[in-house]
Each structure stands twice: as C-alpha cells, then as structure tokens.
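As structure tokens, the structure follows; a few thoughts come after it.
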Amino acid sequence: MASRPPSPRNKPPNSTVRFRSENPRNPKSRLGSVSVQLWVFFFFNQKPEHSVFVCSVFFISAFAAVGAELEEVVAVIESRPRKYSTHTTRSWEFSGLNLAAGYDVAESSLIVGILDSGVWPEAESFSDEGMEAVPKSWKGICQTGQEFNSSHCNKGFETYYGRLDATEDYRSPRDKDGHGTHTAATFAGRQVRNASALGGFARGTASGGAPLARLAVYKKIGGNTCFDEDMLAAMDDAIADGVQVISISIGADEPLSPVNDSLSIGALHAARKNVVVVCSGGNDGPKPGTVVNTPPWILTVGASNMDRGFLGTVVLGNGMKITGQTVTHHKLPKRLPLISAADAALPWVPDNETDQCLPDSLAPEKVRGKIVLCLRGSGTRYLKGVEVKRAGGAGFILANTAALGDDAAPFMASFSSRGPNVIHPCILKPDVAAPGVNILAAWSQASPPTKLSQDRRSVKYNFDSGTSMACPHVAALAALLKAIHPTWSSAAIRSAIMTTGRTITDERGHTATPFQFGSGQFCPSKAADPGLVYDASYTDYLLYLCSYGLKNAGERFNCPKFPPPMYDLNYPSVSVPKLNGTLTIKRSVMNVGGDGNAVYFFSAKPPLGMTVTARPSVLFFSRVGERKEFTLTIEAREYYGEGGYGFGWYSWRDNYHVVRSPIAVSMG
C-alpha cells in the first residue's frame, strides 16, 4: 500500500495542490503537497520552464490557488467536502460465475485498484496465503501509518490518503467506515468459508469476483469526506503504479459537466493508459436524470436485486399469516399484542409522522410489551427499532406503504439512479446493472454494522446495499476479461460486458428500461465470448470532447475544424435526444469470436413509432481482429409526444452470438 504524507486542512489561502506527473526520467516523483482549499485549477499543455510551479509534462496536473489568473487554466472546479459521496457470497453464484472452476493463471498477475475509505487488512478476505510474489508490473509502495504497519501490506496493497482527523478516521490505509473493506472484498476478496452476517444470516463461502487478482487499495475518503484533490491524486497513483482495473464506488451529489468533474478527468487519463474504470451510478432513483459518472470512458453501474431473502412469518390473532423479510433469528416465547405506531404516538407528533416510529415519538405506556407496526418513509430502519426499544416495545414490524412486484430476481433496485444522461445526452447511462442489494462482504471491525454511533456491535462480515456494491461486481468481471483477453482495450472490455447483458424487470414486475439498467443485467458467463466488440480509443474520446465544446481537452491535441458529431462515438448503445425526422449514426465492430470466420445478420426492435435499419445489414468476417463499419438509420414514422423517450434494441447475430445494443430516442 502507498499514500502521500498527510496534508493539513488549515493551509493558508495561497497554498497549492500539485499532483505527480508522468515524468519519463522519474516516473515515481511526488510533487509538492496536497491542499484542501476551495478551488482547483486544471490545465494541460503547460511547459515546466514557463511556470513557477512544477507541472506535469504528460499526465494529470493540478494546483490550487485562490484568485489565480493564468491563460493555461482550462477549468476551475469547486472542491466541496460533500461534492462526492459513497454509493452505498451468493451474488457471484447467482450471476452465473463459477468461481470453483478457476480461471487462467494470468488472473494472479493482474493488479486491480479500488478507491474508497481504506481497508481492514486483518479480514480473512485479504489473506495472501498461497499467492506468489508481487508481479514485476507493480510500481507502488507500502504506506505505513496509524494502526497500520508494513506487515499489513501483504502482497499487493497501495493506498492514498490526505490529512485526516484521527478522531474521525485513521491516518493510514486502515478503514474505519466499512465501505472500502466491503467493496474491496466484493471486488477481489479471497474465498472464505463459513462467513455470515450478524445472527448467522447468509452463512456460506464469501468471495470476491476476482479472488486471485492483486488488490491495491487507495484511501481517498476521510471521515466520509471526499475532495477533488484526494481523488485525482489517488487515480494518478493507481495509473502510475500499474493498476489495470479501477473500481470507484463514489460519485457526485448531482451530475457534473466534464470540466467540473474530477473523477471524469482522472478516468479520461486512465483511458489513455488503457485502464478500465468502473463507477457506481448513484442511489437517487427512481427519479429520472439522476445517474452520475456518465462520460463514455467510464463503465457506469446500476444496482439490481438477487434471489437472497430472509423470510419470516407474522401470525395474527385471527390466524392470518403474513410472510416478509426478517433480520432476527429470535423466536417469540408467546403471543404478544400488536399496535400501530399511529395509535401509540405522542400528542405532539405531526399527523404525517405518527406511523413512522421516529425518535421520541412513541408513548411508553401504550407500547410497553407489544409489537409495534412502523411504516417506512422517514427515518432509518435502525432508529425505528431503537425508538420501539426505548418505549419498551418487545419488537416491531416494518411495513412498506405500497405493494411491490413478485417477479423472480434479478430485478432493478428502486434506489438505483436513472437516465437520461443529462450531461452527455448522446451517451446512454447507466451501462449495465449488477447485484447491489443485501451483499455480504468483509467489514471494518472499527465500524458497527449499522454505522451508527448508538450501535456498539462489531462484525467481520456485513450486508450492505447500493450501487456501491454493484460496482465492484462489474469491476471484477472486467478484471477477469483482462486476464482472458490481455490485449483488449478498455473500451472492448466495456463493450463485451454491455452487449451480453440481459433484460430484467423493475421492482414492480414491469420490464425495466435502458434508463434503469443500460444494456441489461451483466452476464459473466457470456462476456468472455461476445463475438463482436465496439472499440474506441483515447483519441476518439478527445474528438468527442471537441464536439462537446472542449477545445483543449488533451495536451498536444488540436481539435479539427469539423469534429465528428457526439452520437458517432463508437459506443455499444445508442441515445438520441430530440430526434427530428431521420438520423444516420456511424458504428464499427471488431470480430473477436471463434476462428475468425463469421457472418452476422442485423435485426432490430425499434422504439414505438420508429424504424431502425442498418447498412449493410450483413457483416462478413474472415479473421479475428477484422473491423467492419456500418450505419444505423433511425426514422420517426409517428409522433408520440415531445420529450418522451422510446426504447428499443438492435442486434448482430451469427450462429453462436447475439451482440445486442439498447436504443433510447426522444422526439424533437
């Protein structure tokens, strides 16, 4: 593990932040200190001899200076403590990945990175027993610190951290929150038998998706605070250290433009080095237009449910039985009376909160010795239980206010953020969905299972839910694909995961849309052999940014006078905002299947009132690596309302593969 020395948070206004450059004479150089001031200025194409600062020659550079006015400044980004936040066993078996079957030995030489709140190194999921020496491609170091010494860096950790208050978090790679340990174990944790959550729930073998990969942990969250400076420095380190896949379960509190999104800037430079960056899409669903981490060089993940359920039955006095989920293994010794929270609320509680079991809302004389029925809505589930206990209740039932669908899993989680992509409307997001509800993984023993100060319990494994948990599932699959296909680009890996996804339902049993799951639920068993891939390069992304309006996105890169339109970026999905009549889109695919000889036929299920055709409609391949171009023409035949999106699909099929892409179109 490695990190920068702590940097104070009370630096004067004229302090600077500078990140390590990719200097061919000293690739591991560390430049200056890291400041957490309010503004960060990003610039490229800066020659060192023309600046009083030590700037980057080839890579990410940044500095903070209040009131600075320089021609080289491309963007000014406000660095706010709450600008970015975390998006908070059986999931691999459920997803169809047979971990017992093993994978190519190349997996053990892979280096994968996670940017989060650190790690609990003693967790059995991070044991290095039986692993060989650190791969020579590793360029990082082991950073020691508070309650973290060199013995905790087994065979492949690195971390980054800023100056942290020791009362809030460890000044070291150690995780005090639990989020980082959980996502790291889901990503690349070793197989641990007989793991379970508190109370023995979900007992079985816990494992990450890429358990033989080398895990580098970069701590960029301190005291639940994420700064732009910390995030960029961590990504800079990860790229220079030889990490091949980065998992980031963090995102902004709202969609950000490219010039204001540090995570997007860092991921773009990762794409330049062919590093796969996988990010969570956010937990602000079901509201539309809430998905974050949406540039085309990031693989964005939504969250779905799986078939894990812990069922319990409530038997009413009239004999009626109601089955639901439970988190207790205790049995009642006798029948107890049931009371609604609304009938036990204190007089001062507002009418719209009487059934919520909020703190200090229940009358003890009405609740004592009874089971209390609380409704979901306001307040946390844990604190509802705390309130029932405070008032003397024997237990409580938590009820939904509306019935949910009963379709078989997987189905989309209602909290998963949705499209459309308000920042990059020609890029459909999220890209895929993966399990993100009730995921069991290793946990920091410095953090209680509820993460609340009232909770004094400690666990080794814990459940957590969110797109944060879905993200490392997809990152692990990307790592496995990297091991199987080491020459594939990051875009090809993203394409393989997307075009092999499958359609699932929403939480009410209706077919979900691409604004919920992108290309569908990821399918690990199919992604290794997708047949065709949509490839894209760093230059393609720069051309995309030229069309977006950023004329100096890359150093030593000049935008052409007429850059290609944004919708022509070779992406595995199609998003067309405000279609007027007919639009023709360019795409190309590369053959990666079988012995190279293949014939693919086009088919489409267009959005309502539209036609979708391809030219040519048949693609002939004679070798692996061969590329074919085609055009998609989308024509609106009927008007069905301004602004509303319609959804469809198009596919390329041969005898073995179905290469499917979603379509989202709105009328102009």
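Cβ atoms here come from the backbone N, Cα and C positions, even for glycine.
Per TrEMBL, active site, charge relay system is recorded for D116 (among others). Other Cβ atoms within 10 Å of the Cβ of D116 (active site, charge relay system), summed over all protein chains shown, number 31.
Look at TrEMBL and you will find H179 (among others) tagged as active site, charge relay system.
Positions annotated as active site, charge relay system by TrEMBL: S468 (among others).
Here TrEMBL flags 1-11 as compositional bias 'Pro residues'.
Per TrEMBL, domain 'Peptidase S8/S53' is recorded for 109-520.
According to TrEMBL, the feature domain 'Subtilisin-like protease fibronectin type-III' maps to 568-665.
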Can you tell me how many other Cβ atoms are located within 10 Å of the Cβ belonging to H179 (active site, charge relay system)?
27
What does the structure give for the C-alpha distance between D116 (active site, charge relay system) and S468 (active site, charge relay system)? Integer Å is fine.
10
Give me the count of other Cβ atoms within 10 A of the Cβ belonging to S468 (active site, charge relay system).
31
Quick check on the domain 'Subtilisin-like protease fibronectin type-III' (568-665): DSSP residue counts for helix, strand, coil, in that order please.
1 helix, 63 strand, 34 coil
Measuring Cα to Cα, how far is H179 (active site, charge relay system) from S468 (active site, charge relay system) in Å?
8
